[in-house]
Amino acid sequence: MGENSSFTAAAPPPPSPKSAAIDDALLKQFFAEVSEVERDNEVIRILSCFKLNPFEYLNLSFDSSIDDVKKQYRKLSLLVHPDKCKHPQAKEAFGALAKAQQLLLDQQERDYILSQVVAAKEELRSKWKKQLKKDTASKLKSLVTEGKYDQEHEQSEEFQQHLRLKVRELLTEQEWRRRKMAMRISEEEGRLKKDEEETKEMWKRKREHEEQWEGTREKRVSSWRDFMKGGKKAKKGEIRPPKLKTEDPNKSYVQRPVKRG
């Protein structure tokens, strides 16, 4: 080589069209697999939710608005739709989301759930105040910040976690009471129905007996008349003793004397 000559590295050959197509296909497959994993995870999350809390199904906070409910339902339902998600329980998860939205759009159901949330918050606040009495530093901090310390506590993830658990507990208690009451009502209705059927059967038997008695009335009356006319008739084959004859001067035949006394 001469002094003026320089070494230049050879540039890599450009990728062939076939190689680029393979890379694009692999990339699309990769994103498809990631998307499918996300869909499966969402199905698993939905099916593991607490069944009595529709907010949990939609992964929403308790202060979410009606619009928030509708938007979140649309987002999650598209994610787990059976036509797009291959998970074997996608249809079940999709139905659970639909039911959760229906409950939260029903004002009466929504008010009931939120009433349990309010009750849960009151219990947790009462517990928090008892803890503050024991912790002088926290109590002073709460007084100095004019309640801001308490608000920060309620916005913390720890408080929200305790709130979700307490809401679960209250909803479970209410559901258990509702089922017990429904069972008692069902048992009482069954008892009343049984009593009603027994009463109907008793009156039916009585009516049938009266109808049967009335139907044989003519036969009974006729039998009584026959009895009064001719006396009791001897049954066929029955041997009856002869009647005793008494003295009767008007009779032309001689009667045997009847012993008296």
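Counting begins at 1 with the first residue displayed.
Just so you know, glycine gets a Cβ as well, placed from its N, Cα and C.
Summarising the annotation, TrEMBL assigns domain 'J' to 53-109. In the predicted model, residues of the domain 'J' (53-109) average a pLDDT of 93.
The annotation region 'Disordered' is assigned in TrEMBL to 187-261.
As annotated by TrEMBL, compositional bias 'Basic and acidic residues' applies to 187-229 (among others).
Taken from TrEMBL, the feature compositional bias 'Basic and acidic residues' applies to 236-250 (among others).
With helix defined as DSSP H, G or I and strand as E or B, the domain 'J' (53-109) counts 38 helix, 0 strand, 19 coil.
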